[in-house]
Amino acid sequence: MAKSKFERTKPHVNIGTIGHVDHGKTSLTAAITKFFGEFKAYDQIDAAPEERARGITISTAHVEYETPNRHYAHVDCPGHADYVKNMITGAAQMDGAILVVSAADGPMPQTREHILLARQVGVPAIVVFLNKCDQVDDAELLELVELEVRELLSKYDFPGDEVPIIKGSALAALEDSSKELGEDAVRSLMAAVDDYIPTPERPIDQPFLMPIEDVFSISGRGTVVTGRVERGIVKVGEEVEIVGIKATAKTTVTGVEMFRKLLDQGQAGDNIGALIRGVGREDVERGQVLCKPGSVKPHTKFKAEAYILTKDEGGRHTPFFTNYRPQFYFRTTDVTGVVTLPEGTEMVMPGDNVAMDVTLIVPIAMEEKLRFAIREGGRTVGAGIVSSIIE
């Protein structure tokens, strides 16, 4: 049978389940596929395959389903460490998250940690599924748990008062034991997700940016920079900026080439060579970016959330302290930086995730949510994301 063509008629949204261990994330994922996709049983999702992202092995399960309005790619991770790694590396991008909280237990340590991580890595919106409501007879207790969840969300700068909270039971949905708590709740949940989680702006609609991978000099024509366009569109004749490492410079794109053919523009996803006017081969280097003027600024100091690899994952064997000086790999290049740990954190052990301040020795084109790897002599020892820029 011929493989069916992916119909891109509906907007596509990436989503994931987050929350404390055993609160029902995987059961809920299975229940959603039962009504909106090709049904995947709990054990099919739970046996998540391992993937590598930025040198780190992560187990994640991917399912897809659709509502009348949207197509969803949904990620579910079996273990807590996988969530931490997934959110920090961005292995599976999340445009929104479904926070699963057991009504029988209320918010637990990982509930808090996942909300904090969602805030740190810039997940735009959260919808809550209060699971296992069939185990709670007391309506007042349900209200109390809901209140606790809203307070916790507000504490981490999510709009706790507005976040939709759906009460139900993933198990009831899977076993058809209660339509109200089962199927109806799952359908209400997806209606809330459709409505509350914003459709992400497509990369092509964002301001142009291309990380520079290589620089060539072509006799009689000038300097060509190559790379994969990360977002936006660049047209021949447009003014662009070269940002990072050195002082920001302006130039004009006088030609765009792809697969040795001349084009009038390059767009998100294209691997292109851009001919730039009046710039010498020695004025540009790998690690800089070509971008729409004024869209990105160079920075050296930032706050980051990072995951440090364990020894078994090929990471460090020993802890590190304030003033640790590894390389930070941004887009296409390594830059040395100095780490300052937050007050009260004496040291960071392999396997920890940590909030830290970093000062780079040269500026890099940077914005919030930019991901990086932490390396020592070319070997990955951690992964991180810029949570806010200091200067």
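Cβ atoms here come from the backbone N, Cα and C positions, even for glycine.
Per Swiss-Prot, domain 'tr-type G' is recorded for 10-201. Annotation source Swiss-Prot lists region 'G1' at 19-26, citing similarity to another entry. What Swiss-Prot lists as GTP binding site is 19-26, 76-80, 131-134, and the listing cites sequence analysis. Summarising the annotation, Swiss-Prot assigns Mg(2+) binding site to T26 and lists sequence analysis as the type of evidence. The annotation region 'G2' is assigned in Swiss-Prot to 55-59. The region 'G3' annotation in Swiss-Prot covers 76-79 and is backed by similarity to another entry. Per Swiss-Prot, region 'G4' is recorded for 131-134.
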For this session: Pick the one among the binding-site residues K25, H80 whose Cβ has the fewest other Cβ atoms within 10 Å in this structure.
Result: H80
Seminar exercise, completed: Sequence-distant residues near the region 'G3' (76-79) by C-beta distance (under 8 Å, 6 or more away from its ends) are 16-17, 21, 25-26, 29, 45-46, 48, 58-61, 63, 86
Seminar exercise, completed: Per the Cβ under 8 Å criterion, with at least 6 residues separating them from its ends, the region 'G4' (131-134) contacts 23-24, 27-28, 100-104, 142, 167-172, 177-178, 181, 185
For this session: With an 8 Å cut-off on Cβ-Cβ distance and a minimum sequence separation of at least 6, pull the same-chain contacts of T26 (Mg(2+) binding site), or say none.
Result: T17, Y42, I45, D46, A61, D76, P78
Problem set entry | binding-site residues listed as G19, D22, C77, least Cβ neighbours within 10 Å | D22
For this session: State the three-class DSSP label for the residue listed as 'Mg(2+) binding site', counting H, G and I as helix, E and B as strand, and everything else as coil.
Result: helix
Exercise. On the 0 to 100 scale, where does the mean pLDDT of the region 'G2' (55-59) fall?
Worked result: 81
Exercise. What does DSSP give as the helix, strand and coil breakdown of the region 'G4' (131-134)?
Worked result: 2 helix, 1 strand, 1 coil
Seminar exercise, completed: Reduced to three DSSP states, the region 'G2' (55-59) has 0 helix, 4 strand, 1 coil
Seminar exercise, completed: Three-class DSSP assignment, H80 (GTP binding site), comes back as helix
